[in-house]
Structure formats: structure tokens, C-alpha cells
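Asks: I'd like to ask you about the structure that follows.
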Amino acid sequence: MQTYLLSQQFNARPLAENSTACPANATICNGTSCVLPEDNFNETLSVVLSTVLTIMLALVMFSMGCNVELGKFWGHVKRPWGIFVGFLCQFGIMPLTAFLLSLIFNVLPIQAVVVLIMGCCPGGTASNVIAYWVDGDMDLSISMTTCSTLFAMGMMPLCLFIYTKMWTDSDAIVLPYDSIGISLVALIVPVSFGIYVNHRWPAKAKVILKIGSIVGAVLIVLIAVVGGILYKGSWIISPKLWIIGTIFPAAGYSLGFFLARVAGLSWQRCRTVSLETGMQNTQLCSTIVQLSFSPEQLELMFTFPLIYSIFQLLFALLILAGYRVYRRYRVKTTTDVEKTEEKVDSKSASSNAKTNEGFVSNETK
């Protein structure tokens, strides 16, 4: 198994003493770039926040399930053309894009591997919330997220085996199947309850959906903020990773939409596939990275999952804002046209009425 360590080993203690920019308890220091040991406070905070976020996420997915109709959902499963297109985007476009970006920017081997791990991850649950706000096909969105998480059990090892050969041994990457399984259960169970509530009590399901969509929007921002708080290291990493972290999600959204349109899907489903493609499960990527690499290796790329998470959220919000402006303009234009036609019709009728009245009165005279 090949490993890629830093070109120079750093003595943390002397550097910490000679530099005020690096904390004294840093385990690895290179100027202002540091990796700090875990402390009890950070560990406790992480557990508490993870528990709260997990509960909130389950509630959000329950509310998203309240917008899913069992008949339509089962229709996607029986005629899985949309799911198949999403599968090609998730495990075809994204890993290939990660591979090409790593080659184009000529990043270090260990950095290329983390970019590929991100590209091979399944879709994240945040895509379901954004899909709701852009009037996407929620039945397709939920089924795509569920299927991509399920398929990740086999597709992630396969994609990593194919694309990481030139940089490292794929056996060096530890895939947390338990985390993938937990994500799958945390997705299926609350969504199933939501579908049941929508089937039995449609009116109550609509109220739950509205509340859950707002909570979901808050949760997406909260996860990004919490990720920034819990990182105990420097943000000074390779500019190439910043550039890749910006381009990668944008490419995922664009290519997903393009492939869905080429496949003949409706505009509503194109928006859904686009979001499912670009929004990755960054928490899973962070878990894999932390399990697979040493602190020396993490120094080179340990903030990339958070960088991707931030930019995938920013681009998703831009898509949402653009769609809302388009929808408002389109509805306003359509309404204005309808009102104009109504006015013309009413004037025409009034003019005809007056003419008829005049004609009758003359004839009477």
C-alpha cells in the first residue's frame, strides 16, 4: 500500500514556541497551518450537535415524505427511467468530473484521492429540501436519494477502484458501510412515515410539509456553520482545492441538468436531477477521509469536504433565487396577458352592446 506523506516532517514543539500564529498544543504545524488534537469540549460539542442535527434531519425528511404520493413514488420504481438517469449522473458524471479536475489542476496524489471520494459519494438529503423549493418532482427526488445511498454500497468501491489506481491503492481507503447504512435507515424510516401521513391525512400533511420545508432550509445553513465551528485547523490549503471546490458542484448541477434534458425528462425532473447530482453527501466524505488518512496527510486536504459543502449550498441558493425570479416574472407576464385579453373582450362586448342598442332605438323610431 502506497502512502503519501508530507515532504518534510515538522517538529511541533519548536515551531509552536517560535511562532505565535500556531497554538502551543498543535500536533502538526507549518507556519500558520495547524492540526490540533481533539479536546473534551470539542468532542462533547460534536456529539451534542450531531444528535440535534440528526433529530432535525429526521423531522425534515418526515415532512418531505408528506409531499410524496405512494402511487407516483411506486411509479418511479416500476418505470425507473428518471432514477436510471440520476444513477448515470451520480456514479458516472460525478466521479469522471472529479478525475478530470484532478488531472487538469495537477493536484497532489492525496488531494486527488479526496476529490475522487467526494465525487463517488451518494446524493445528500439537502437536495430534497432545495428540490421542494424549486417545485421539483419530490417523488423522483426522494427515490433518487434513497437509491443512490443504497447503490453506494457497491458503486463507491467500484468507482474508487477504477479512478484512484494511478494515485493510490484503493484498499487504503476505508469505506464506513455502517455510516452508509445508518444514512439509508435515517432516510427511509422518516420518509415512510411521511408518505403514510400524506395517504391518511392529506390536509395535515400539507401543514407539516410547510413547517418542515422552513426547518429544512434553516438546517442546511446550520450544518454548514457547525462544520466551520468544529474544524480545528487552518483554512490555508492549496488554492487549487479552492478552485476545484468551486467548479465541481457547479459542473455537477450543469451536467446533471443537461443529461436529464438530453434523456427527454420534463423541466421539473431536469431541475430535480440537477440538484440530486450536484449536492453530495459531504458528511460521508468527511467520515471516509478521517478514517482513511493520517494527520500528516489530512494536513493537505482535510478542509476540502467543507469547501465543497459551502459552494454546493451557494450554487443551490443561486439556482433557487433564479428560479423564483423566473417564476415570478413568468406568472406576472402570463397574468398581464390574460388581463389584457379580458379587457379587450369586455370592451368589444360593451361596444357591440352599444351598437345594438343604438340600432334598435333607431329602428324603433
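One is the number of the first residue shown, and numbering goes on along the chain from there.
Using N, Cα and C of the backbone, Cβ positions are placed for all residues, glycine too.
Please treat TrEMBL annotations as automatic predictions, because they have not gone through curation.
Per TrEMBL, the feature compositional bias 'Polar residues' maps to 347-365. What TrEMBL lists as region 'Disordered' is 338-365. Under the heading transmembrane segment, TrEMBL lists 45-63, 83-105, 112-134, 140-163, 175-196, 208-229, 241-260, 300-323.
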Asks: Mind checking which residues reach the transmembrane segment (140-163)? Cβ under 8 Å, same chain, six or more beyond either end.
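Replies: Distal contacts: 64-65, 68, 73, 76-77, 82-83, 86-87, 90-91, 95-96, 98-99, 116-117, 119-125, 127-128, 131-132, 170, 173, 175, 177, 180, 183-184, 187-188, 191, 269, 272-273, 275-276, 281.
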Asks: Counting Cβ pairs under 8 Å that are 6 or more apart in sequence, does the total for the transmembrane segment (300-323) and the transmembrane segment (175-196) reach three or more?
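Replies: Contact between the transmembrane segment (300-323) and the transmembrane segment (175-196): absent.
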Asks: At a threshold of under 8 Å on Cβ distances, which of 112-134, 175-196, 241-260 pairs most often with the transmembrane segment (83-105)?
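Replies: The stretch I would name here is 241-260.
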Asks: Who are the chain neighbours of the transmembrane segment (175-196) in space, where the CB to CB distance is under 8 Å and they lie at least 6 residues beyond its ends?
Replies: 54, 57-59, 61-70, 73, 122, 125, 142, 145-146, 149-150, 152-153, 156-157, 160, 205, 208, 281, 284, 287-288, 291
Asks: Can you work out which residues elsewhere in the same chain, 6+ from the ends of the transmembrane segment (112-134), have a Cβ less than 8 Å from its Cβ atoms?
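Replies: Here the qualifying positions are 57, 60-61, 64, 67, 86, 90-91, 94-99, 101-102, 141-142, 144-145, 148-149, 151-152, 155-156, 159-160, 163-164, 167-168, 173, 180, 183, 187, 209, 213, 216-217, 219-220, 223, 241, 244, 248, 271-272, 275-285, 288-289, 301, 304-305, 308, 313, 316, 319-320, 323.
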